[in-house]
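To start, the structure itself, in C-alpha cells.
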Amino acid sequence: MSPIFTCITILCLLAAGSPGEEVAQTPKHLVRGEGQKAKLYCAPIKGHSYVFWYQQVLKNEFKFLISFQNENVFDETGMPKERFSAKCLPNSPCSLEIQATKLEDSAVYFCASSQ
C-alpha cells in the first residue's frame, strides 16, 4: 500500500476565548504513520477549570471525547479507551495521546476550556 494511504494526519485548532485570550493547543499540525504514537497538548485559558477534547473526522460533526474539571476526569463517555488516553495535571498543559494510530484516527482534534 502506498505511504499516502497509510498516513495519519491530525490537525489541531485553537479555541478562542475572550479577546486576547485563547486556548493554546500544540502542535497545530501533526502527521503520523499507522502504528505511531500521537500526542497533543492543550493549555486552557487562565482561570478556567474545565477542559474538553473533541474529534472531527472529515465531513462529520464534532464528537465529544473527554472532559476534565481541574485534573479530574469529569466525563469520558466518548473516549475510545483502547488506544486513547488523556490527562490534566496541575500547572501543566492537558494532553491527549493515541498509542498506536490507525487510519480512522485521521481527524481534527479540538480542545476547549470553560469556567
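The backbone N, Cα and C atoms fix where each Cβ goes, glycine too.
Taken straight from Swiss-Prot:
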- Cys42-Cys111: disulfide bond (DISULFID)
- 21-115: domain 'Ig-like' (DOMAIN)
- 1-20: signal peptide (SIGNAL)
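Cβ neighbours within 10 Å of Cys111 (disulfide bond), excluding its own Cβ and spanning all shown chains: 27. Break the domain 'Ig-like' (21-115) down by DSSP state and the numbers are 3 helix, 50 strand, 42 coil.
Within its own chain, Cys42 (disulfide bond) has Val23, Ala24, Gln25, Val51, Trp53, Pro93, Cys94, Ser95, Leu96, Cys111, Ser113 as residues 6 or more apart in sequence whose C-beta sits under 8 angstroms from its own.
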